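Notes follow once the structure below has been shown.
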Ligand SMILES: *Cc1c(COP(=O)(O)O)cnc(C)c1O
């Protein structure tokens, strides 16, 4: 099966094979491997040894986003969330339920937010201490410019939390050049092409120390993750980790570096996105985003207006041709989502486009433009 979803992504056989071992997390060999993974992750984020720390947390992306909010935004304080997609809505919910006050900056989900919009929102409310932004919005496929936004946040003397879950490893990020960032967060199972199970934040150590006591939760306290590393070493855990997923993530990181790191991954995904964006148009469908706003992670397409089209039927039929895409959509209007990330190459995309054309014919979908 060719998995064209924005995570958990299609992985290489070597990565999956690394899961098939028993490992004791506290074994010295594994501790050394885990410590090395943390250093590598910090380096990929543009972190500097001694200044920035990689702070992993068991579980999904929502968990690390919640942990970053709880750790860096004090209880009762305000977080401006740039609302241009479904993952931003999720960030806002995580913050509200953690007792942080959310100020929503509404932006349509078919374009990036501008630095001016963020600067204006910050100027309008001096009580806002943090900005939360989704780097690559996996709802629609847009990308927010975290460098330009960061400059606006820095100029306003505020702090930023970046949900880079679907961006990290593909889109560039340089923590040392963005001192306003408290945390950049991501998971094992997206652009690094590992398996699900573990999430990561990379943060400035000085801020982690300053923020000790904010979290109001032991499980979600990144300061405590740091304190444990100080006490017991960078290879240590507070609670049982998904050791096999971590081990496989290490293999995925090795492959990532060998492929040429972030620039190579971005180039491959961008080509996948370009082929998809052009290919669906050649089949008569309309992409949700203009190419100028199209990111390299996911291509969203308007569902065809033809009454013969239903998403679930389409997805099930496509699966019979060996291609799996999401069976739900995250845009305000009906769409379908095709992932560009994972161990997916240009030939895979060409194969998928052929299958999509065949299935639309099979279903008798003649009117393929948006409703
Ligand atoms: C996938 C994703 C997440 C996290 O999803 P989980 O299911 O919690 O791992 C968060 N933000 C973005 C932008 C994502 O693409």
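Cβ coordinates come from backbone N, Cα and C, glycine included.
Taken from TrEMBL as is:
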| type | residues | note |
| --- | --- | --- |
| DOMAIN | 28-300 | domain 'Aminotransferase class V' |
| MOD_RES | 190 | N6-(pyridoxal phosphate)lysine |
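The residue listed as 'N6-(pyridoxal phosphate)lysine' counts 27 other C-beta atoms within 10 Å of its own C-beta, drawing on all protein chains shown. Secondary structure at residue 190 (N6-(pyridoxal phosphate)lysine), taken from DSSP and collapsed to helix, strand or coil, is coil.
Residues belonging to the domain 'Aminotransferase class V' (28-300) score a mean pLDDT of 98 in the model.
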